[in-house]
């Protein structure tokens, strides 16, 4: 590809970005699109519908860019939580390191590449892209020291920035742990692999075990029930709620600070509680369950302790001589629990994980065929062999540039859109007990898939058998990469333009949500506002894309530095767009408190080491053994730096420090823990609690209209009484489990 083809691809993507950015600035001003572009405010606050008509609503403006630019980390933390701030730190880190790389490589490496051989240069638009790569440098040239020096600068700049970011994010995670109010998850342990006994239920087994071995700190427990049971209860509750809603009787909502009735209650089904507390009978014990309830119990439970330290100790020690029994871990936050996977017997979890891994590997290898096909689109001679009828079209210079330069990257992007949903499904199958862990697992799967298929398969282009034969001799892999990387630089540059610039613009426009909103309002004529419109941030798609671009930037920095300015523009656009999306669009339902950063750190170290290994092979091929030898210590230092960071920081992301937990417990003892906190723990981890809360909210919303303020409470006992009393009655579910089991 020549520079003119690259500029054609850049021009197409610049046009797409300009149109979509302008269209967004107009669409966001339309009141009918409030649920698309201001989802956070739409959910938490009433949205006025009588916005006066004016021409300003149809004039593009850039005010949102300035507001996104001026937003502080405190505002991002309040809007999106720790994970949102960590994601933006990834963008900021990428901006900083690639700004340094761009300045160093454009001023030092690019001239060496361009004048590496004695040759007559053409005009810039028709100049070959290969002239700007290291392939244009003469073998044995002393100017290769410029590449080695640039590699040292980039590597040490990355080390310093990675260390500072790791340290900052670790402090942020600890501050999140210590600065939050007493969280039910800090006092709760998830127990799986409860042994079956013919003499008593799982519930009695749990109580007996923890009362015996944790008698001083054990408070209570909450059993987990089969998902089919809860779905049946949801269906019955919805039916009964709609039956009782028209009743005009003075009733009172019963607070949810009592244990959830999924754990026990009277033998009644549904009951309307009138004003006065005389009708509220005493609840039965959690162990006084009907035999049908016992049959629906899962061998899993949430166990509650008196303090955080006791919960951490119970979660981290081996409870039994059989590691497959009484398996404990810290419980995820209530909104983070993935209830459907808790019913999987622990002894089967490893089978699910292996099956998920095998499916992911199968998808990776199957995807090699379409990627090889895409790589063939970049070569005109291969295209004319496959499709002889387009030989005449390719004689047109502009069409040739579009087909061989722009089209392959677009086809690959469209194929890649199918990967994240599949990986998310596989992460669900492997048995993750929390939604954040499922998304983190999907992120790692998508990342590995992307690095293999977009990077390695494209570099090692050829047939599938040829690609696999490279790995039969791993010692030759660096030399294969060193030979092929400069040739594939044009494809990767256009891929950054298409998958980077255009994807950021599409992220801003929210195409799928916009189309569905238009179809629902203007085609289906549905005047009711949607109730489930909240989107969580797609870490599993955006983080792998950024890390892939980081890998391309590092590996091509000294080989083909022309890619760096395009990467820098992408990260700058991402900085503005994602800040805007975090502030206005995405809703934080759960978070991992920064657990994505170790994935970013490890991948960045992998990218640096791979870059240095390729540089050693390139210098060897270019007959510069001294420069190759000077690069080897850099590889060793990279590995040592990674080991230091792993020892220094990564453990904080896996386990909670006892010192911090004990100090928090002592602080609670001094100021006095909230009255009734322990009694609220069961309600926090009640399967039915969130279902009934969502039921009331959705039903009231559909009746009261969009001006009804929806709740986003953390537990079933924190319902807003003032909102709930707008209705004339409220339903108490008493003994609903027994009815659902019959």
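Quick reminder: no glycine exception, Cβ is built from N, Cα and C everywhere.
Now, the feature entries from TrEMBL:
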{"type": "COMPBIAS", "residues": "708-717", "note": "compositional bias 'Basic and acidic residues'"}
{"type": "DOMAIN", "residues": "6-163", "note": "domain 'CSC1/OSCA1-like N-terminal transmembrane'"}
{"type": "DOMAIN", "residues": "186-341", "note": "domain 'CSC1/OSCA1-like cytosolic'"}
{"type": "DOMAIN", "residues": "353-619", "note": "domain 'CSC1/OSCA1-like 7TM region'"}
{"type": "REGION", "residues": "703-727", "note": "region 'Disordered'"}
{"type": "TRANSMEM", "residues": "6-27", "note": "transmembrane segment"}
{"type": "TRANSMEM", "residues": "97-116", "note": "transmembrane segment"}
{"type": "TRANSMEM", "residues": "144-164", "note": "transmembrane segment"}
{"type": "TRANSMEM", "residues": "357-378", "note": "transmembrane segment"}
{"type": "TRANSMEM", "residues": "398-419", "note": "transmembrane segment"}
{"type": "TRANSMEM", "residues": "446-465", "note": "transmembrane segment"}
{"type": "TRANSMEM", "residues": "599-620", "note": "transmembrane segment"}
{"type": "TRANSMEM", "residues": "626-645", "note": "transmembrane segment"}
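Among residues of the same chain six or more beyond the transmembrane segment (97-116), those with a C-beta under 8 A of the stretch's C-beta atoms are 131-134, 136-138, 141, 143-144, 146-147, 149-150, 153-154, 157-158, 161, 553-554, 557-558, 560-562, 564-565, 567-568, 571. Beyond its flanks by at least six residues, the transmembrane segment (6-27) meets 33, 36-37, 57-62, 64, 125, 129, 398, 401-402, 405-406, 409, 490, 493-494, 497-498, 501-502, 504-506, 508-509, 514, 562, 566, 573 of its own chain at Cβ-Cβ distances under 8 Å. Packing against the transmembrane segment (144-164) from elsewhere in the chain are residues 93, 96-97, 100-101, 104-105, 108-109, 112, 134, 137, 554, 557-558, 601, 604-605, 608, 611-612, 615, 618-619, 622, 624, 627, 630-631, 634, 637-638, 641, 645: each is 6 or more residues past its ends and has a CB under 8 Å from a CB in it.
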